[in-house]
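*Asks:* Got these off Swiss-Prot a minute ago, pasting:
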- Lys9, Phe57, Arg85, Thr91, Arg102, Asn112: ATP binding site (BINDING)
- Thr91: phosphothreonine (MOD_RES)
- His115: active site, pros-phosphohistidine intermediate (ACT_SITE)
- Ser122: phosphoserine (MOD_RES)
Amino acid sequence: MEKTFLMVKPDGVQRAFIGEIVARFEKKGFQLVGAKLMQVTPEIAGQHYAEHTEKPFFGELVDFITSGPVFAMVWQGEGVVDTARNMMGKTRPHEAAPGTIRGDFGVTVAKNIIHGSDSLESAEREIGIFFKEEELVDYSKLMNEWIY
């Protein structure tokens, strides 16, 4: 089953959106297989944002993601990577459609509530940065037979 990595960023945690976001993905029919509230270290932030190390905004990314706790999650389901991206909305909240997480709650590009993997490859890499294999729980949900 396809997996993706999602993270409620420090602004989303401080604004009490964890429950709302989890509920949206559960109601969609996706399965939460790993989750933790954590403080991102500069080392983890550097790994997570490795593709941006040479960009002028890299320092701001690291400063923000380490500024407070995040809620890291692994979700699984059919088409979860692409569907999660659609549910999050465009990166710039003012361009995100109403009904999406960023469209409903995002304020600025920097403080846009949530991060989600943009591909299966990114999901695998990001899951490996934030979770150990034994932290992910593989279980059957009775409702899956009604969804898939």
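Just so you know, glycine gets a Cβ as well, placed from its N, Cα and C.
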*Asks:* Sequence gap of 6 or more, C-beta under 8 Å: which same-chain residues meet both conditions with respect to Ser122 (phosphoserine)?
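*Replies:* Sequence-distant Cβ neighbours: Phe5.
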*Asks:* For Arg85 (ATP binding site), what is the tally of other C-beta atoms lying within 10 angstroms of its C-beta?
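*Replies:* Around Arg85 (ATP binding site), other Cβ atoms within 10 Å: 18.
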*Asks:* In whole Å, how far does the CA atom of Phe57 (ATP binding site) lie from that of His115 (active site, pros-phosphohistidine intermediate)?
*Replies:* 16
*Asks:* Going by DSSP, is Arg85 (ATP binding site) sitting in a helix, a strand, or coil?
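*Replies:* Looking at the DSSP assignment, Arg85 (ATP binding site) belongs to a helix.
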*Asks:* How far is it from Arg102 (ATP binding site) to His115 (active site, pros-phosphohistidine intermediate), counting Cα to Cα, in Å?
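*Replies:* A Cα-Cα distance of 10 Å.
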*Asks:* Which one is it: of the binding-site residues Lys9, Arg85, Thr91, whose Cα lies the shortest distance from the Cα of His115 (active site, pros-phosphohistidine intermediate)?
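*Replies:* In terms of Cα distance, His115 (active site, pros-phosphohistidine intermediate) lies closest to Lys9.
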*Asks:* Whose Cβ, among the binding-site residues Thr91, Asn112, has more other Cβ atoms within 10 Å than any of the rest?
*Replies:* Asn112
